[in-house]
Amino acid sequence: MEKSYRAELVGVFGDPIDENPTGVVEEAAFAALGLNYRYITVRVQRGELAAAVQGLRAFHMRGINLTIPHKVEVLQYLDSLSEAAQLCGAVNVVVNEDGQLWGDNTDGKGYLKSLVDAGVDPAGKHVTLLGAGGAARAIGVELALAGASKITVVNRDRARGEELVQLLNDKTQAEAVYLPWDGAAAVPEDTDILSNATSVGLYPHVEQKPDLQYDTIRPHMVVTDVIFNDPNSRFLQEAAQRGAKTINGLGMLANQAALNFRLWTGREAPVSLMEEVLRREFHLAE
Ligand code: NDP
């Protein structure tokens, strides 16, 4: 093939965006495979998304990631959606196929891959899911599609929690129930997987952990956290002290970036390299 100086463009639209590390991770993966792709990290404020998507089309960009506050609004500008994106009503990655924009949600798939990589199969399992925001919705939908039999949603805001429960009951095979969260919550005894999908713990220096009766965590449980910038969060420490197997959010983030890489390039992503780059970005030890 003749040499081309034209790079394929991908990136992320969001606000705030300055601390989003995905560009460094994707660029390292492109370089490792010798692909002429560029990942641009773009501040797109609320109200500017329609213009940004037009720009994406005009620049013939190969695709884009969406983050806060655009994951829901972007749906109206797309031509088609994956099943997961349709179900959870949120898109974090878009692929441009000759002007046709297709949206998917790889947050939940990245989470699921991190479970499978740790030897955990959610099929037939009872999952207790803390949170009902964007990450929780994506995780809940993907766990249900992977065959989880029961999902207990624990969320402070009742309306948000019940909305997720209804979505799961209406659209998937899983049985979903809502558990109110006012004061320290007890983890149901027959829980197999306890998943923190709240933003509690995102600021490690504040030393926060979800408000739970930690003695209700049993050794047979697998306990997972979406928090990626503290691989040993207070929540996971408490769980490990009770003998539970723990999985942090770094794998979810790396796997999600790897899935996006594959959607754009059609090539397998160098996942361990991507995880290593993330660790470096967050100044984490191996
Ligand atoms: P949202 O703002 O959509 O949802 C936040 C959720 O956290 C809500 O359910 C909210 O409950 C709950 N919450 C916040 N504070 C508390 C508290 N003090 N006690 C109990 N519940 C609380 O955020 P997202 O769902 O988009 O993101 C959640 C987290 O997931 C973030 O930390 C984000 O960084 C992380 N994430 C990680 C990814 C990864 O790859 N590892 C990918 C995507 C996200 P309520 O409804 O009651 O307000």
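The chain as shown is numbered from 1 upward.
Cβ coordinates are placed from backbone N, Cα and C, and glycine is handled just like the others.
Heads up, TrEMBL stuff is auto-annotated, nobody curated it.
Quantities reported herein were computed from a predicted structural model and do not represent experimental measurements.
TrEMBL annotates T67, D107, Q256 as shikimate-binding residues; of N92, N229, N232, the candidate listed for that same site is N92. When TrEMBL records E83, G131, A132, G133, G134, A135, V226 as binding NADP(+), the matching candidate from G108, G110, G249 it lists for that site is G249. A distance of 20 Å separates the Cα atom of K71 (active site, proton acceptor) from that of G249 (NADP(+) binding site). Highest local Cβ density among the binding-site residues E83, D107 belongs to D107, counted as other Cβ atoms within 10 Å over all protein chains shown.
DSSP classifies N92 (shikimate binding site) as coil under the three-state reduction. N92 (shikimate binding site) is 10 Å away from G134 (NADP(+) binding site) when you measure Cα to Cα.
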